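Taken from TrEMBL, the feature transmembrane segment applies to 26-51, 63-85, 105-123, 143-166, 199-228, 240-263, 275-297. Residues annotated as domain 'G-protein coupled receptors family 1 profile' in TrEMBL: 44-295.
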Amino acid sequence: TMAAANQSSLQPASFLLLGMVGLEDLHTWLSIPFCLMYIAALLGNLLLLFVIATERSLHEPMYLFLAMLAVADLVLSSSTVPKALGIFWSLSKEVSFHACLTQMFFTHLSFIAESTILLAMAFDRYVAICHPLRYAAVFTHSVIAKIGLAAIARSFCVMFPMIFLLRRLPYCGHRVMPHTYCEHMGIARLACADIRANVWYGFTTTLLCPGVDVVLIGLSYVLILRAVFRLSSKEAQVKAVGTCSSHVCVILMFYTPAFFSFFTHRFGHNVPHQVHILLANLYVLLPPVLNPVVYTVKNKLVREKVSQVL
């Protein structure tokens, strides 16, 4: 039909991803840390999953959430890094329109899921420290399974409309994207039409998903700290702060580059483009690499089991 032909001419068959524009001479060098970090993320998270799955003593709520985090990290890094490496090594800069939307979908989906799991972990620490006697009753295995499903359902509900918001736009042959992977606003910016709906949808969902999560996580830590400093013994205080410190490290690593990236997209028009792309890559690379390290180093039980496997 005429409409279909018209529609396909407005949607490009494929996009060209240019990688780090302005730093093309460094692509080969950049690929080295990217590749090493990706391998570290794969090995670290797979090892963590293997240890948690095979070790009966780690089938506790805290470790099951850690396993969910590892899965989200594997999806987050695998959605983006292999394509970035393909660009850096000049293997393939082209990505079909549908593959681009798929990549965007899984990248943002795993990000929102991870944010939801971090919130659940903060709640887990809150109940463990502030209401220890009710902990076993609150965090049953069925509740943990429901939290995992809720994380997936929530991410899916947020991301699904984005596909249609991008598919309805005409692109008028614009197909060159100065980026290493497809993200929602990166694609929307190529459109030759009003993208206000995309801007507002992206803005609202960011405030309502990671934004609300950060506020609630912050609140749970205020309550935890308040409870901790009411503990009589110094030793108990140190132990409680210790169990939370790894979680706080992970939260800062996860949200800081992501929010920077998000706000430079919206408001930072004088931020150099390379900085923006670097930040966008940091938030899909740093947490997957560092989460397993932080939790293994900080958690005695995980550390012992990992060293046994190795």
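Including glycine, each Cβ sits where the backbone N, Cα and C put it.
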The transmembrane segment (143-166) vs the transmembrane segment (63-85): 3 or more CB pairs under 8 Å: yes
Cβ-based contact of the transmembrane segment (275-297) with the transmembrane segment (199-228), 3 or more pairs under 8 Å: no
Average pLDDT across the domain 'G-protein coupled receptors family 1 profile' (44-295), rounded to a whole number: 88
Distal contacts, the transmembrane segment (240-263) - CB-CB under 8 A, six or more residues away: 111, 114-115, 118, 121-122, 125, 128-129, 206, 210, 214, 217, 221, 224, 227-228, 231, 276, 279-280, 282-283, 286-287, 290-291, 294-295, 297-299
